[in-house]
């Protein structure tokens, strides 16, 4: 793993008057580039050659500079990394960046300074490690089954990493699990039982609150020292299975798919905001204990509300999530913090800009 000191050494050679924001042209990049533009920062997009014309077609959300690659794996080449460093680029991780480049490669081989704490990708990328994080935080979570033989009620089986629900399946018995697991194996999505996590299926309403934590701003919640926590939006994900009611009886199996295809805006009853913020505080506090300096910047708690059990957290995405694309002009919650449109992409850019002004860029980079 590249030590933080080495990344900060690279950062120390940057011309901070010309810092640029960079990311892969995918996932939430349009929002990130637009946010940089609104904050007066230039941006760099790493784009597949065949995709460049389409990203150029968005005049207010295309990057100022394109770096064309044949595959996203090229991002790890010395040539590409040196080009990014020479442009004073701070990379913004998102789901596609993590999935296409790989959290292990980012930790071991990617020398370009990144916004936030890249150790979060290590803890996020493996569901067993992430479960340790959630348990340390003390937030309610679904039961995890150590063996398929223990399945005694409906479960959902998930793959590791940022796969957007691809390959997930539901089972109610060991026999059903092995049948569907074998199908995944034939498709090459899994190799062994170590590649999946078996999780209790919780009935309820899904909520995905988007948070931003700044370690350079003043405290705004008494239970959370050393920074400011903001709730900038909430979404729920539109999965293929959500459209099952539209299928003909002989097509029902085609809809039994948890692949995320889009996002829908949501607000919660105001009394529940305290629950969301309280659990977010626990997640941040735990992250500091487990992987100092802990969470920095955007993150999302993936939750289900069950009437008898309250909010249950089944996952944390320790980066900007695609659901924030709903709020490129701000959300109902962002206006409680800012008297101007504030997307998550813009909030990232502002944090970087303010860190440069205050001489604290090193506090938000790894």
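Don't overthink the numbers, they just go from 1 along the chain as shown.
From the backbone N, Cα and C atoms, a Cβ is placed for every residue, glycine too.
Now, the feature entries from Swiss-Prot:
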- 131-357: domain 'ATP-grasp' (DOMAIN)
- 154-208, 239: ATP binding site (BINDING)
- 302, 315: Mg(2+) binding site (BINDING)
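Feature map: annotations from Swiss-Prot on the structure.
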residue : record              : DSSP class
154     : ATP binding site    : coil
168     : ATP binding site    : coil
175     : ATP binding site    : helix
182     : ATP binding site    : helix
189     : ATP binding site    : coil
196     : ATP binding site    : strand
203     : ATP binding site    : coil
302     : Mg(2+) binding site : strand
315     : Mg(2+) binding site : strand
To the nearest Å, how far is the Cα of residue 196 (ATP binding site) from the Cα of residue 315 (Mg(2+) binding site)?
14
Taking all protein chains shown into account, the Cβ-based neighbour count within 10 Å for residue 189 (ATP binding site) is 15
When neighbour density is defined as the number of other C-beta atoms within 10 angstroms of a residue's C-beta, which of the binding-site residues 196, 203 has the lowest density?
203
Once the chains shown are all counted, how many other Cβ atoms turn up within 10 Å of the Cβ of residue 302 (Mg(2+) binding site)?
18
Inter-residue C-alpha distance, residue 315 (Mg(2+) binding site) and residue 182 (ATP binding site) (nearest angstrom):
25
How many Å lie between the Cα of residue 203 (ATP binding site) and the Cα of residue 302 (Mg(2+) binding site)?
14
Please identify which of 154, 182 has the densest Cβ environment, defined as other Cβ atoms within 10 Å, among these binding-site residues.
154
Filtered by Cβ under 8 Å and at least 6 apart in sequence, the residues in the chain of residue 168 (ATP binding site) near it are 156, 157, 158, 159, 258
If I take the alpha carbons of residue 182 (ATP binding site) and residue 302 (Mg(2+) binding site), what is the distance between them in whole Å?
28
Taking 175, 315 as the binding-site residues to compare, which has the smallest set of other Cβ atoms within 10 Å?
175
